[in-house]
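Visitor: What TrEMBL lists as ATP binding site is Gly163, Glu164, Ser165, Gly166, Ala167, Gly168, Lys169, Thr170. Summarising the annotation, TrEMBL assigns coiled coil to 915-1098, 1155-1231, 1323-1412. Residues annotated as compositional bias 'Polar residues' in TrEMBL: 600-613. Taken from TrEMBL, the feature domain 'Myosin N-terminal SH3-like' covers 8-60. What TrEMBL lists as domain 'Myosin motor' is 69-763. Summarising the annotation, TrEMBL assigns domain 'Dilute' to 1507-1783. Taken from TrEMBL, the feature region 'Disordered' covers 598-631. Annotation source TrEMBL lists region 'Actin-binding' at 643-665.
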Amino acid sequence: MAASELYTKFARVWIPDPEEVWKSAELLKDYKPGDKVLLLHLEEGKDLEYHLDPKTKELPHLRNPDILVGENDLTALSYLHEPAVLHNLRVRFIDSKLIYTYCGIVLVAINPYEQLPIYGEDIINAYSGQNMGDMDPHIFAVAEEAYKQMARDERNQSIIVSGESGAGKTVSAKYAMRYFATVSGSASEANVEEKVLASNPIMESIGNAKTTRNDNSSRFGKYIEIGFDKRYRIIGANMRTYLLEKSRVVFQAEEERNYHIFYQLCASAKLPEFKMLRLGNADNFNYTKQGGSPVIEGVDDAKEMAHTRQACTLLGISESHQMGIFRILAGILHLGNVGFTSRDADSCTIPPKHEPLCIFCDLMGVDYEEMCHWLCHRKLATATETYIKPISKLQATNARDALAKHIYAKLFNWIVDNVNQALHSAVKQHSFIGVLDIYGFETFEINSFEQFCINYANEKLQQQFNMHVFKLEQEEYMKEQIPWTLIDFYDNQPCINLIESKLGILDLLDEECKMPKGTDDTWAQKLYNTHLNKCALFEKPRLSNKAFIIQHFADKVEYQCEGFLEKNKDTVFEEQIKVLKSSKFKMLPELFQDDEKAISPTSATSSGRTPLTRTPAKPTKGRPGQMAKEHKKTVGHQFRSSLHLLMETLNATTPHYVRCIKPNDFKFPFTFDEKRAVQQLRACGVLETIRISAAGFPSRWTYQEFFSRYRVLMKQKDVLSDRKQTCKNVLEKLILDKDKYQFGKTKIFFRAGQVAYLEKLRADKLRAACIRIQKTIRGWLLRKKYLRMRKAAITVQRYVRGYQARCYAKFLRRTKAATIVQKYWRMYVVRRRYKIRRAATIVLQSYLRGFLARNRYRKILREHKAVIIQKRVRGWLARTHYKRSMHAIIYLQCCFRRMMAKRELKKLKIEARSVERYKKLHIGMENKIMQLQRKVDEQNKDYKCLVEKLTNLEGIYNSETEKLRSDLERLQLSEEEAKVATGRVLSLQEEIAKLRKDLEQTRSEKKCIEEHADRYKQETEQLVSNLKEENTLLKQEKEALNHRIVQQAKEMTETMEKKLVEETKQLELDLNDERLRYQNLLNEFSRLEERYDDLKEEMTLMVHVPKPGHKRTDSTHSSNESEYIFSSEIAEMEDIPSRTEEPSEKKVPLDMSLFLKLQKRVTELEQEKQVMQDELDRKEEQVLRSKAKEEERPQIRGAELEYESLKRQELESENKKLKNELNELRKALSEKSAPEVTAPGAPAYRVLMEQLTSVSEELDVRKEEVLILRSQLVSQKEAIQPKDDKNTMTDSTILLEDVQKMKDKGEIAQAYIGLKETNRLLESQLQSQKRSHENEAEALRGEIQSLKEENNRQQQLLAQNLQLPPEARIEASLQHEITRLTNENLDLMEQLEKQDKTVRKLKKQLKVFAKKIGELEVGQMENISPGQIIDEPIRPVNIPRKEKDFQGMLEYKKEDEQKLVKNLILELKPRGVAVNLIPGLPAYILFMCVRHADYLNDDQKVRSLLTSTINSIKKVLKKRGDDFETVSFWLSNTCRFLHCLKQYSGEEGFMKHNTSRQNEHCLTNFDLAEYRQVLSDLAIQIYQQLVRVLENILQPMIVSGMLEHETIQGVSGVKPTGLRKRTSSIADEGTYTLDSILRQLNSFHSVMCQHGMDPELIKQVVKQMFYIIGAITLNNLLLRKDMCSWSKGMQIRYNVSQLEEWLRDKNLMNSGAKETLEPLIQAAQLLQVKKKTDDDAEAICSMCNALTTAQIVKVLNLYTPVNEFEERVSVSFIRTIQMRLRDRKDSPQLLMDAKHIFPVTFPFNPSSLALETIQIPASLGLGFISRV
C-alpha cells in the first residue's frame, strides 16, 4: 500500500515524546513522496512541524482505528508497533479496568495494586472448559488451556510467569495453582490440592520480603510441578527453588524489610510457647531494623504467623519441628546482635557473658566458649601444619553475617524438602503442569552478582520464548499451506555464549575464585583482555575499571565487579559449621547432613529432579583430609547447572507465558506510567512477539468472517455461492499488491496495516452510504417540513380571514345596538325629567294639605290630653306607692337569689374545672339543652301572659278613657252647670292628675317589664349560644379524638400488616433457605452415597476373593434401614436372631433390649388374641342369625359353618400349642436363676428365640385366617337382609321363576303364607339381633374398663420391675407374662369348648335342614327343562359381589418381589410406557401392591417392597442418570407414588378431594409418613439430577445460541480478531442457534408432559432452565468484551423475547421463569441505552435494579463499539454511576451462580383415577400379580 494512500489528511499518527513516550497527532495535509516535514495537529490543540529523519526518511507510525483500540489480543491490531501496543494496554487498563491482555501466545498482566473481584470460584467455574479465545483474557484462561492441552495432547505443560519485582508474578502463579486445585480436585482423601495451596504462605513467609517496589516481593525463583494421575486429578507436587537472596538476611536497604518470618516471630513473641525464644520488638534486632520500615500497612504479622503455622500443620510439619524452625530463626536474630570489640587492627573479642550470644548458644544447643572462640578466630591450614589466627572486627562481623546467611539458607532448603515430602504422592504420576515464578529482567543504578544471574536466566528464557513463537508461526503457515518465508528475529545466542561458554564470564569468574590471590580487579582485567573489542555485546565503561557492560536482549546493563568473587565463593568458616553440627539440638545438625549430596547438581533425587540452591557444598566424608573449598561448587556453577536443568524441563513441555507488568513505581491503583511500561514491555519480550508477528501475516480471518465483515464492500454480482472464491475476487480488486495477503485453506492472512486499510474502505463506504441516507432523509424531512409549513400557512390565512369577517360583523352589530340604546336612553331622560317635576308638584300639595290637617288635629288633641292628664296623675300617685313597696320586696328577693346563685355559680365553676365536669357535660349536654329550651319556653309563656295582662290594662284604660270622654262631653254640655260646681271641677282636675301619674307609672312598669324580658331573653340566648359553642367544641374534640383513634388504629393496622408481610416474606425466605440447605445436604448425601458405591465397586473389582463371612450391603439400603425404620414388631423380631452373634461382653444392654422386645411381643400377642376372640364372638352371632336363612340356602350356610368350625378347631389347637410352648419357656427359665440364663447362647435364650420365631410365624397364619373370616362376615351380612336392595340377582331370579312355576292359586296362597311367616321370623330375629347388639356393646364397655384396669396394673408392675436389678427384672417380667398368658389361654379354652358344643348342635340342625331342602329340590327338578338344569350352576354367581371383590389392590407372592421390581423398574423402558400407557402407571401399580400388603397387615412385606422400590429407582438413575427421559420418567412416577401415599393415607388434609370410593381405598394398618419423607427426599435427589442433566444438555447451546449466533442477520458485524480466535458467530452446520435451544426446550417440555409430571413441578423445572440460560449468558457477557455492544444488546433482547414467546405458547408465564431472565434483560438494555448525561445515569440506576453494582460497572467498562459511529463510555460517566450506586447494598460478586438450584417443592396433587379401573398391560410382564 503506497504511503500517499495512507498518510492523507486527517490520518492519525504516533510521534515520539520524551515524557509520554508516544504522542498522538493528526495530519493537516496529505503526505507526498519527497516531503521532509509533516504538518501535525496534536491532541492538546497545538500544531507541530514534524521533521523526518533525512537518512532513513521513516514516516511516523500510523494509529489504529478507534474500533480496534482496546482489543483483547494485541495481535488483532492492524498496525503492530510499540505505540499501538502501549496505547491499547493503557486504554484497557485505565478506561476499562482490564488488567489482562493477550499478545499472541503471551498473557500480559498489569498489576492493579487493588483487590479485584475476578478470582472467585464462580469465575473459575466460568472459565472451566472454555476455549482460550472465547473468554476475555485471564490467568484462569491460560491455566485452563494448559490443563486442556495436558489432557488432550498427553504432554506436560509449563506456565512461565516473569516480570519485575512488584509486577505480580507470585500472585499470578498462586492463582494458576488455585485454578488447578479447584478444577481438578485430588485423587485421594488427603486433600492434596489444599496442601499445594498451603505451601504458598510458608514459602512467602520464608522467601518473600518488602522492597521499595513491592510489599511482598519474592526473593527467590521457584518452579512448582503439580502432578496429575491418569484421570487428571492432582496427586502431588514438587518444588524447585533458585537463587535465594541470602544477603537480605543480614542487610536491608532503606524502606525495605528482612524476610516476613522474622517480623511474624517478633509480632508473636508474647505467645506462651514463644517465651523461650526471648524475642521482642523487631526494632531490637540488628537484622530487622536496618530498613527502618518494620511494619507493612494493612498487614498484621501476628495473624500471618497464625496462617503460617496453620499451613505447616496442614503440610504435616509437626509442632516440635515448627518450634525447632522458630528456634533457629530466633537464634539468627540474636546472632545478628552479637557485637565485637577490637583489641588491635588484626584481632577482636566478644564481651564476656555476652547476652545475645548466650541466647544464641542456648537456642542452638552449642557451647558458648567454643562459639565465642571461633567467631573471633579462624583456622588456617598449610601443607605442613595448621594454625589458628585471630581476625579483625570487620572480618568477624562478615563471618558472623556469613554464618547467619548460611544457617538461613540451610533452613530454607530443609523447609523446601519437607514441603516436597508432604506434597509427594505414592501414586504414579502420569503428567504434570509446571508453574515457573521467576524474576524478570532487572537493571538498577548498581548491578551486582544477583542481577547478573537473573539477567542470565532471562536471556535463556527469552531464547526459548523466541524459538517457541517462531515455531508456532511456522506451524500455522504450514497448516494453512501458504508460502513460507523466513522471518528474521533477534537471536540472543551470542549473549548467552558470552556468559556461559568456555572462557566466558562465568568460566573466568570460577577460575578467578580458585586463585589464592584472586580479586575482583584482576577478574575485571581478565574480562577486558578476553572480550573487549572481540565481542560486540561486551563493553567497558569509560570512567571505570571495575565494571563491564553487557548488551542484553532488553537493554544495556552495567555491572560492578565489586563483590562478584565473594558472592560466587559464598565462604563460611568450617570451624563454625562444626560447632553447629555438635549441637545438642537435634534439628540443627540435620540441616548440615549430606551437604554434598544435597547441593551437587549431578546427584539427582529419587524423582529425577535436583533441588538446586545457591548454598555451597561441604566436603565429602570420604576425603576428610581435604579442605571443603576444594570440592564445593561455586554459586555461578550451581546456578548454571540448575538453569540448564530448568531449560531441559521447559523444552520437554508445552510452555504458556504470562508477562507481569508493573504500571508505576508508587503502587498507586490503576495508574499507568508509560515510561516504566515500555521498559518492561521491551524487557519481557512482548514487543519481540509483536515484531515477529508483524514481520509475517499478523491478521488472520476465516473466509466466512471476512465475508460477513466486508460484505458491504462487495457488489451483488461479486457474491458467489463459494465464499472462498468470493473473498479472493474482492481482495484482488481492493488490494492490488498481492504480497499484502495470502489465501490459506481456511483463513486469509494479511500483512500489517491491511486490515486498517480495509476498515478505512469499509468506513468510507459506510460513511458515503450514511451521507446518501442522510441526504435523502434530510430532503424528505425538509419536504415534509415545507408541506407542513404550507399547510399551516393556509390554515392560518383561513383563520385570519374568518377572524376579520367576524370582527366586521361584530362592528355592524355594535353600531345598530348603539343607535337603539341612544333612542331608548333619550326617551328615558325626558320621561325621567317629567316624572321628577310631577312628583315635586304632588309633594308640595301633600305637604301643604298635611300642614293644615295637623294644625287642626293638634288643637283637638290638646283638648283631649288635658282630660287624660288629670286621670293619669291620680292613678300615678297610687301606683307610685305600690311600686315603691314592690321594689323593696323584689330587691330583697334579688339579694337572696343572688347569694344563692353565687353559691351555685361557685359550685359550677369548681365542677367546670374538673375533667369529669366536661365528661358529664358532654354526656348530658343534649338533656341540659332540652331543659334550657323548656325553661326558655316557660319564660316565653310568662312573657306572653304579662303581655296579655298589659293588653287588658290598656283595654281597661281605653274604656275608662271613653268613659271620661263621654263625661267630658256631658260636662261640656253642662258647662254651665259645672261653673256652678267649681269645687267639683277641682276634684276632677286632681283625678286627672292622678290618672296621668298612673298612666306614667303603667308606662314605666311596661317599659321595665319589656326591658327585663329583653334582658332575660338576651341572657338566655347568650347562655344557649355559650352552651352550643361548648357543645360544638366538645363534639369537635370528640371527633378529633375519634379521628385520632381511627387514624392510630389504621396506622397500627397498616404497621401490623407491613410487619406481617415483611415477616411473611422473611419466613418465606428463611423457609426457602432452609429448604435449599436441606436439599443441598441431600445432594451432598447422594454424592457421597454414589462415591461410596463407586469405591465399593472398585474394592469389589480389586479384591477378587472376599473375606469369609464378610458381605457388603448396599449403602442406600443400609441408610434407609438406619434412618427410616418403622415401629414394626416383625422387623424387630427379625433383628433379634442376628444379634445372637454379638460378643458376650454386652450382656446387660442386650438383656434389657430383649426384655423390652419380649414385653412388646407379648402385648401384641394379647391384642391378636383379643381380636380373634372378638371374631369368634361375631361368628357365634352370625351362626344365630343364619337360622333365618336355613331353608333358602342350606348347603351354602352348612359349608360356611363347617368351615368356621374347622377354623375354631384349628384356633383351639394353636392355643394349646402356645400354652405348651409357654410352659416349656417357663421350665427353661426356672432351670437357672443366674444372670447367664438370658445371655446369648444360653438354653433359655435359645428356647426363647425359637418360641418367638414360631410365634411370629403363627401370627402370620392368624392374620390370614382373620382376613378370611372378615370376608366370610361380609358375605353373611349380605345374605341376612332379604328384602333389601342388596339382595343378590340369584335369589331374585329364583323367586321369580318359582312364582311363574306356580300354576294354581293354592300354591300361590301357600307361598304367600310362607313369606308372611318368614317375615315374622326375620322381624323376631332382627329384634333379637338388636338386643344382642346392645348386650354386646355393654360387654365391650366392660371389657374396655377391664383393659384399662389391666393397663394400669401393667404399668404399675413395669414401674416395680424397673426398680429391680436387670437379671431379676427380666425374670420377674417373664414369669408374670407367662402366668397371665396361661390364665388367659385357659379362659379362652373354656369359651372355645362352649362354642364347640353350640356348633355341634347347629351342625345337627343344619343336616336336618339340608335333607329337607334336598327333598324339596328333587321335587322341583322334575318340572325344570334340561336347559334350565344346565344354567343352574351359573345362578349362584353374584355379579355385584364380583365387582366388590376387586378393591384396587394387586396381590403378589413374596418370592416374586424381585421379579416385580425388575420388570417394573429396572428393565422398564420409559419411552414405551410414556407413549402407550397411562402416565404414572408404575407408581399406581406399586401403590396397589402396597395397599394389598397393608390389607394383609404384613408390615414386613410393606417394608421390603418400599425399600426395594427406592433402591431400584436409585440403581436405575445411577445406571441411566444421563438420560433425560429416564430421570424425568422416574421423577414423575416418584412424585405420583408420593401423592398416592398421601391421598390414601387416611389423613383428613389429604382426603378432601377424594371420592367416597377412593376413601374406602385408604390404608388401614400402617402409617407410612416416614416413608413419605424418604420418597420426598428421593424426589428431591431425582429433581437435582434432572437439573444437572438438562444443564449438561443446554450448556453447550446457551452461549452459542444466545450470544454468538446472529439471530437478526446483519445487525452486528464481526470485528477483527487476533491469534486467539473466538468461536464464530456465523451459523455453521455444527453451530447451535436460538432455534436449537427452543427445540431442546420443546423436547424437555413434551417429555415431561408425556410422563404426566405435575404442572407445578414442570413450572419449577422451566424456571430452573431459564435461570441457567440467563445466568450462563450473563456470565459470559460479563467476561467477553467483544459481546458488549449495542447490536449485541438488540440480539439478546430479541432472543429473550423469543424465550418469552415460548413461555406464552406453553402457558408458563406465571412460572416465575421470566423473572429469572430479568438480570440478562437489564444488561441488554444497559448496552442499548444512552450513556452520556447525568439523566442517563439516573435512568440506568433506576432501570438496573436486578444487576449488582459490580455487574453494571463491568458492563459499562466492557462496552465496545462495533462500528466507528458508536462511542465508548467515558470514565467520568462510569464514576458517576459508581457514586450513585455507592449506597446500594448488594453482593460484591461479579458473576451469577449458574450452579444454583432453586429449592423444589412438591405440592399435593391428588389423582382422580380410580384404582379399581386400572388395567395392567401384558407388555409389562407382570402376569404373576393378580387383581384383588
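Placement of Cβ uses the backbone N, Cα and C atoms for every residue, glycine included.
It should be emphasised that the depicted structure is a prediction, and the values quoted were computed from it without experimental measurement.
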Visitor: Note the Cβ centroid of Gly163, Glu164, Ser165, Gly166, Ala167, Gly168, Lys169, Thr170, the recorded ATP site, then list each other residue of that chain whose Cβ lies within 8 Å of it, in sequence.
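Guide: Other same-chain residues near the ATP site: Asn111, Asn214, Ser217, Ser218, Gly440, Cys660, Lys662.
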Visitor: List, in sequence order, the same-chain residues at least six positions removed whose CB sits under 8 Å from that of Lys169 (ATP binding site)?
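Guide: In sequence order, Val161, Ser162, Gly163, Ser218, Asp437, Ile438, Tyr439, Gly440, Cys660 meet the Cβ cut-off.
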Visitor: What are the DSSP helix/strand/coil residue counts across the domain 'Myosin N-terminal SH3-like' (8-60)?
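Guide: Going through the domain 'Myosin N-terminal SH3-like' (8-60) residue by residue, I get 0 helix, 24 strand, 29 coil.
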Visitor: For the coiled coil (1155-1231), what's the model's average pLDDT?
Guide: 57
Visitor: By DSSP, what is the split of the region 'Actin-binding' (643-665) into helix, strand and coil residues?
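Guide: Counting residues per DSSP class in the region 'Actin-binding' (643-665), I get 9 helix, 8 strand, 6 coil.
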Visitor: Which one is it: of the binding-site residues Ser165, Thr170, which Cβ has the fewest other Cβ atoms within 10 Å in this structure?
Guide: Ser165
Visitor: Under 8 Å between C-beta atoms and at least six apart in sequence, can you list the same-chain neighbours of Gly166 (ATP binding site), or say none if there are none?
Guide: Asn111, Thr211, Arg213, Asn214, Ser217, Lys662, Lys667
Visitor: Using Cβ atoms only, which residues of the same chain lie under 8 Å from Ala167 (ATP binding site) while being at least 6 residues apart in sequence?
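Guide: Ala167 (ATP binding site) has long-range Cβ partners Ala109, Asn111, Gly440, Cys660, Ile661, Lys662, Gln680.
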Visitor: Let's check the environment of Gly168 (ATP binding site): how many other CB atoms sit within 10 Å of its CB?
Guide: 25
Visitor: Does anything in the same chain, at least 6 positions from Glu164 (ATP binding site), have a Cβ under 8 Å from its Cβ, and if so what?
Guide: Arg213, Gly440, Phe441, Glu442, Cys660, Lys662, Gln680, Ala683
